[in-house]
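Participant: After the structure tokens below, expect a handful of questions from me.
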Ligand SMILES: C[S@@+](CC[C@H](N)C(=O)[O-])C[C@H]1O[C@@H](n2cnc3c(N)ncnc32)[C@H](O)[C@@H]1O
Ligand SMILES: [Zn+2]
């Protein structure tokens, strides 16, 4: 097989040339997706910050902290964690050909003392063994692996989902089957997807009497990614579940209401325009980011030789600046409803702040903003009628 070496961060891996040239089928086992380098750069920085914060390296050096890349393909993600963060890493893939590449790539980086190959079904491995950090990076949905990953992960769970259609409401029934949640396919569907995934992670962890703290989560391109710190114990699980709830949304005027809780009564008729509203959930209504964690991730990215440093910094900085409440407003949509020209997004944010409301850009979309102002205030500002 024709192979080629590629470097990400300070780690080199050998992959089939066809994988780099996008000639392999997307679900080919020895898959290498160069578009996910950004995701891996952020993973290296976030994992490094987490272990520095959480562990005392004098008592427990990085080489005694376990990380599992449960779906490793070429091994690039887990190898970067072993090489660039120094953690003891298990690189698992159920495909024998992928495992041959992983073996070679461990040797190529001289990491045989801290990295090992495992050729098993991720679910079997994760149900059998505990790891301090579990990373799930499947093709499509992580749903089939969330239970095993929640059982296995002791301190940190990192999850990618590329099945945006079920998460964002484009495939409603698939979302209900996979995530036991109704996703609304409206203008903030990317945030909906991230919150449905986080809600599902929270419920899976709760079964194992674990709570979670969202350290960082983002929706980028065609995927969503979550980094959740784990707090063990039934009380933490109960506290986490209190952050879940429902949203009702009016497709006609963009009015929305969200409420935390499992049995909540929500208005069915839009108080702004009288249209019947749609309900979505159960989903995560808590924080998407921890600002101290994100600032440290930012510093970490800045000092590392990452290929996607600029883009990574941009995502983390926008997450840091984001006013962290559900759900963002799409300025284009609001302006269309009002038949007015869209102002610069900064102007809208400044105007909202001038009136005493919190407001910010959002990492979900460049033409959107978050605010705690009522819809009536937002609309009067956009129509210059405030
Ligand atoms: C999206 S790729 C992983 C990409 C890799 N993490 C990276 O960053 O380049 C998904 C991998 O999961 C493997 N896989 C799929 N289902 C699996 C399962 N149930 N157990 C173990 N590996 C599995 C596939 O063979 C494939 O190599
Ligand atoms: Zn309405």
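For all residues, glycine too, the Cβ spot is worked out from N, Cα and C.
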Participant: Of 18, 115, 122, which does TrEMBL put in the S-adenosyl-L-methionine site with 40, 77, 93?
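Facilitator: It is 122, as the record lists it for that site.
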Participant: Going by Cα-Cα distance, which of the binding-site residues (40, 77, 93, 122) sits nearest to residue 250 (Zn(2+) binding site)?
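Facilitator: That would be 40, nearest by Cα distance.
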Participant: Relative to ligand 2, which of the binding-site residues 40, 77, 93, 122 have a Cβ found under 6 Å from one of its atoms?
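Facilitator: Qualifying residues: none.
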Participant: Enumerate in sequence order the binding-site residues 250, 253, 270, 273 whose Cβ-atom distance to ligand 1 is under 6 angstroms.
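Facilitator: Not one meets the Cβ criterion.
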Participant: At a 10 A cut-off on CB-CB distances, which of the binding-site residues 122, 250, 253 has the highest count?
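Facilitator: Answer returned by the neighbour count: 122.
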